[in-house]
Each structure stands twice: as structure tokens, then as C-alpha cells.
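*Asks:* First the structure, which I've put down as C-alpha cells, then a few questions once you've had a look.
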Amino acid sequence: MQELEERIREQGVVKPGNVLKVDAFLNHQCDVRLFDHMGAAWAEHFNNKHITKILTIEASGIGIACVAATHFDDVPVVFAKKAQSINLDGEQYVTHVYSFTKQKEFPVIVSKKYLNAGDRVLLIDDFLANGKALNGLIELCESAGAIVEGIGIAIEKGFQGGGDALREAGYDLDSLAIVESMDAETGAIEFRH
């Protein structure tokens, strides 16, 4: 998606350790118009999938998923929580994922009330690096008997292999910007097309 690539080039900051900082528009301050355009792009890509639910993971995926849902007949958005809470009652699906950004493992939890057998799920997230978070969401869907119809990612770090592995596993993955390489010293960012 050219618009997203331009924003990454203009406002993204490459940090050491393969970190791409895009908090000016994606995951701290949110550009809702950009999110709307992203949702429209995913709706076009997944238009034949009959999505009944969108699943993301807290926190950065929530805004993107909610705006995207308006392009999918306002289907419900469920976000997996990263910590147990007194607000999470009843039976739950739980798995554990390792966060590249946080450099630690954490639980991922969804109430069984909100993820059901037969749900046709679109997974949405802001970043895809090694695929650990998405594999956790896929595992939650499998536990529920839900069908993963597709995966929508804002920015994929193509050089970290998670996207390639998901494609090889047969998932319909639509990453709107795929970073092929980036250099913390020069700030250079190259995209895959």
C-alpha cells in the first residue's frame, strides 16, 4: 500500500535491533484516516471470505481492527488480552506467546463467550516479525473451532521470516507494507514489491 509505505518513509524511525518506530501514526498516535484506508484495502483483498469476526491482540492492534471492522459490515472485534484480569470471568482460551518488541513471553487470553466454533475470523495486527503473536492467535482460533479466513497486517518485517512461514502454511496473508531491509545507521528502509 503506497500510502502506508510513504508514511513509514516520512515518519518511521529505524532503531538498533531491527526495531521500526512508527508511533507517530500507527501504534501510539493513531491516524484514523490511514486506518480507514487500510481497512478498505483488506476488505477488497478478503471480499470473498465472509468474515464474521475480527481478532487482534492488545494493545496496538485494537484501533486498527476496530476501524477495519467498519469495512466488514461492522463485525465484532475481539482482542486477546495479555494478562489475567478480574474482568475476565468464566471459561477462557489461553496460550503463551513471545513478544519481539517486549522481549518476553506473556499469556494471551480470550473468553470462550467471544470466540466460537464456526466463526470465520480475520486476524489483524500492526506488525508481523517472527510470527509468534499471530501463531498464538491462530492457536486460540483452533482451540475454539473457529476458522482463520485471513490475516491482515499493517507492516511486515519480511526479513524476519514470520510472514513467509505463514504463507507456506497456507494462510491468506495480506501485509500492506513489507519491509525487506532497514538500516539503523542510515535510516534507510527498503520495501518488497
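Think of each number as a place in line: the chain as shown, counted from 1.
Keep in mind that glycine also has a Cβ here, set from the backbone N, Cα and C atoms.
The annotation xanthine binding site is assigned in Swiss-Prot to L20, N27, K157 on the grounds of sequence analysis. According to Swiss-Prot, the 5-phospho-alpha-D-ribose 1-diphosphate binding site annotation covers A129, N130, G131, K132, A133.
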*Asks:* Minimum Cβ neighbour count within 10 Å among the binding-site residues L20, A129, A133: which residue?
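*Replies:* It is L20 that, of the binding-site residues L20, A129, A133, has the fewest other Cβ atoms within 10 Å.
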*Asks:* Round to the nearest Å and give the CA-to-CA distance linking A129 (5-phospho-alpha-D-ribose 1-diphosphate binding site) with N27 (xanthine binding site).
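*Replies:* Spelling it out, the Cα of A129 (5-phospho-alpha-D-ribose 1-diphosphate binding site) and the Cα of N27 (xanthine binding site) are 15 Å apart.
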*Asks:* Pick the one among the binding-site residues N27, N130 whose Cβ has the fewest other Cβ atoms within 10 Å in this structure.
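*Replies:* Counting other Cβ atoms within 10 Å of each of the binding-site residues N27, N130 gives the minimum at N130.
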*Asks:* Select one residue from K132, K157: among these binding-site residues, choose the one with the most other Cβ atoms within 10 Å of its Cβ.
*Replies:* K157
*Asks:* Cα distance, K132 (5-phospho-alpha-D-ribose 1-diphosphate binding site) to L20 (xanthine binding site), nearest Å?
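*Replies:* Counting only the Cα atoms, the answer is 17 Å.
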*Asks:* Name, in the order they occur in the sequence, the residues of the same chain whose CB lies under 8 A from the CB of G131 (5-phospho-alpha-D-ribose 1-diphosphate binding site) and which sit 6 or more residues away.
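*Replies:* Residues satisfying the criterion: G161, G162, G163, A165, L166.
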*Asks:* Indicate whether N130 (5-phospho-alpha-D-ribose 1-diphosphate binding site) is helix, strand or coil by DSSP.
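*Replies:* Assignment for N130 (5-phospho-alpha-D-ribose 1-diphosphate binding site) reads coil.
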*Asks:* Reduced to three states, what secondary structure does DSSP give N27 (xanthine binding site)?
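*Replies:* It is coil.
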*Asks:* Round to a whole number and give the Cα-to-Cα distance in Å for the pair N27 (xanthine binding site) and A133 (5-phospho-alpha-D-ribose 1-diphosphate binding site).
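*Replies:* Here the two Cα atoms lie 16 Å apart.
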*Asks:* Report, in whole Å, the straight Cα-to-Cα distance of K157 (xanthine binding site) from A133 (5-phospho-alpha-D-ribose 1-diphosphate binding site).
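*Replies:* Here the two Cα atoms lie 14 Å apart.
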